[in-house]
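Worksheet: one structure, shown below.
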Amino acid sequence: MKADASTEITGEKLEEFQHILKANQLKVTQPRLRVLDTISTKTSAISQPELEKILGSEIDRVTLYRILANFEEKGILHKVFDLNGTATYAFCSTKCSADHHHDQHVHFICSVCNSVFCLDEIALPKVKLPNNFSLHSIAINAVGLCDSCNEKQA
Ligand SMILES: [Zn+2]
Ligand SMILES: [Zn+2]
Ligand SMILES: [Zn+2]
């Protein structure tokens, strides 16, 4: 009974998530809502293993994998690799759409806890390419200590 109360998504949050799904022609399902809700409570990007730990009893691995792949394809989430090469997921900017990601920002990765943060306010440099090269994406990672790891060190 307790678990039900904590997993129920209501009010503005529910409306917002329903809107995101509908805007991307996705059916509103409980697993999709739960994935959006879980990611929205995190300040850093979240990996599939972390999501499995939280949602494993509700959503099987294959479904979770499909939801994440689908959300990435639709421009709802973008993928960032942490220092171990594990994919982590963060919400896209509203400018992102299917197959067109505009998450042109620097990511910060903590070398102690391996958390990935989007630094939305830092834009990536324009890259001048040789003739006939075309650019698909740029990734710049800043590596250092996050605030909570800094606190622990002090
Ligand atoms: Zn994006
Ligand atoms: Zn850290
Ligand atoms: Zn990002």
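Note: Cβ is positioned from N, Cα and C throughout, glycine not excepted.
All annotation found in TrEMBL is predicted automatically rather than curated by experts.
Annotation comment: TrEMBL describes H101, D103 as Fe cation binding site. The annotation Zn(2+) binding site is assigned in TrEMBL to C110, C113, C146, C149.
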List the residues in the vicinity of the Zn(2+) site, defined as same-chain residues other than C110, C113, C146, C149 with C-beta within 8 angstroms of the site's C-beta centre. S111, V112, N114, S115, L145, D147, S148, N150
When you measure from the Cβ of H101 (Fe cation binding site), how many other Cβ atoms are you left with inside 10 Å? 18
Three states by DSSP: which one describes C149 (Zn(2+) binding site)? helix
Taking the Cβ of C149 (Zn(2+) binding site) as the centre, count every other Cβ atom within 10 Å, in any protein chain shown. 16
Cα-Cα distance linking C110 (Zn(2+) binding site) and H101 (Fe cation binding site), given in Å to the nearest integer: 24
Most isolated by CB count within 10 A, of the binding-site residues C110, C113, C146, is C113
Taking Cα atoms as reference points, which of the binding-site residues C113, C146, C149 is nearest to D103 (Fe cation binding site)? C146
So how many other Cβ atoms are close to D103 (Fe cation binding site), meaning within 10 Å of its Cβ? 21
